[in-house]
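Reading through the structure tokens given below for one structure.
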């Protein structure tokens, strides 16, 4: 689950949905190459197999669609999940742990396609209930894109496959920056007054930046590495990010782009450098209306 970011407008929704389609197609290309044994392999997320990563995506696609199309049902189901404890993602993983991979792919494709249709039909000015504060439809699309990328990263890490970074990383980096206050809150820390400047090099050499130019606290470096850190898929020490200032150094340790309790992150050296290129199996993003 992701932390909301501002955004509205039909044009913005259309653009974001296009990026979500592309991210989905990339993940499906990876999944299509898996063997039966691959689905049961343990991922860097403790206790989660490859199959668990994808059931998580399919399940919360359905939950997200409920927030778009049936808010009352969403509130009831979300309340029931939360009432059982903050470990509900693990409970969901256990619930579907023995699902056949072919059935899971059918579920994921159908859920993602129906969610995309719902995003295309929603009022861009609507407020959607979620597990924390309500969010805009644009924020909700961005959240699903981030979740797809992050859980896809867990699959790629398990298979020892590197991916080619894309400009879609900007959505994930933006979530990570905007979620600063949230990250401090879930860690029981006071939100700092010092601003932080973030300067990242995008995949095509373009620079992405946030925060005042004269801020003394700074995070600079590669956009992919920053996204891996704020989604807690890499430890900061396993990257070449340059972090300057006490506030920036504190934040980069606890940064998280996703909602929920403070994440455990990854231990230093937990994920090794990939040696195999990205699989190039063709894939088609789920079409709406399936």
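Cβ coordinates come from backbone N, Cα and C, glycine included.
Record note: among 235-262, 263-290, 263-290 is the stretch given as region 'Disordered' by TrEMBL. Taking H, G and I as helix, E and B as strand and the rest as coil, DSSP gives the domain 'Mycothiol-dependent maleylpyruvate isomerase metal-binding' (20-155) the counts 96 helix, 4 strand, 36 coil.
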